[in-house]
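According to TrEMBL:
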type	residues	note
TRANSMEM	6-25	transmembrane segment
TRANSMEM	46-64	transmembrane segment
TRANSMEM	70-92	transmembrane segment
TRANSMEM	104-124	transmembrane segment
TRANSMEM	130-151	transmembrane segment
TRANSMEM	163-185	transmembrane segment
TRANSMEM	191-212	transmembrane segment
Amino acid sequence: MAGISGHWAFAFGILGNIISFIVFLSPIPTFYKIYKKKSTEGYQSIPYVVALFSSMLWIYYALLKTNTTLLITINSFGVFIETIYVGFYLFYAPKKDRVQTIKMLMLSVVGGFGAIVLVTEFLFKGVVRGQVVGWICLIFSLCVFVAPLGIVRQVIKTKSVEYMPLLLSIFLTLSAVVWFFYGLLLKDINIAAPNVLGFIFGILQIVLYVIYNKKEKVILKEQKLPEIQKAAVIVSDDNTNVNKKLPELTQEQIIDIVRLAGLLANTDKVQVATCPHDHANCGVKATPNVENMPKLQTVEAS
């Protein structure tokens, strides 16, 4: 029975390595954007510093245990890739963010990890040391899994899934499931327990994505305004019973027509007003001043 359990643990460990490998590579598009912009504006270094610290902590725990080689392999890659991410961030970050990131590195990686190693090495021996480090890993992993609650809150508040990629949520959920069974088969609660919470939050993120992604599509569909059809002038010819569609008048042509109409109206008013006093010119139609009239552009019928 123990042999079968060991084989299954190895299988889940290999699968966990593959999925976690993909998760570790998921920030590459983000750093490509940083490279294109030559700036880290809008991005934070906290996730990469935390991931680096977490990987170092799990390597230390795995070294104190037996049959945890696959835990060492994936977290060694994690330390490698997260170090590259942090270095890349420091290279393109402005001075303020660079200083803040260095402070976090000194506090967590140097100070925090160094203190854990020194305390556990000098104060605890044998199995107890492994248990203490395991509980530290468990507590820290729970904090890491609770961190996405900020993103969940933002999704609910803004009703937008822009900052919660579906693919990453799926891979994180699968990773939690695989590592849970790996820890369960090894009878290691420190590995299995945190991934229960990781699975719950992963499912929550996927459900929220499905709900709010549909709402976004409905809102965008409702916001699409119907196209306004342009008015067309249609002239009916009584002799041929053929309707001819004239091209649409431009704004300048419409303004010219309005000016012409106003000029003709003003001319008629002046003539009527002077007619009672000028009996000689009564009944004579005033001729508008053609020179002051605006020139109309010719419109050809199609």
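These residue numbers are counts, starting from 1, taken along the chain as shown.
Cβ atoms here come from the backbone N, Cα and C positions, even for glycine.
Unlike curated entries, TrEMBL annotations are predicted automatically.
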Checklist line | Selection from 46-64, 70-92, 130-151, 163-185, the stretch that has most Cβ pairs under 8 A to the transmembrane segment (191-212) | finding: 163-185
Notebook entry, point to check: Would you call the transmembrane segment (163-185) and the transmembrane segment (104-124) in contact, using three or more Cβ pairs under 8 Å, pairs 6 or more apart in sequence?
Noted result: no
Next item on the list: Give me the stretch from 6-25, 70-92, 130-151 with the greatest number of Cβ pairs under 8 Å to the transmembrane segment (104-124).
Entry: 130-151
Notebook entry, point to check: For the transmembrane segment (130-151), what are the same-chain contacts with Cβ under 8 Å, counting residues 6+ beyond its ends?
Noted result: 50, 53-54, 57-58, 60-61, 64-65, 116, 120, 124, 163-164, 176, 188-190, 193-195, 197-198, 201, 205
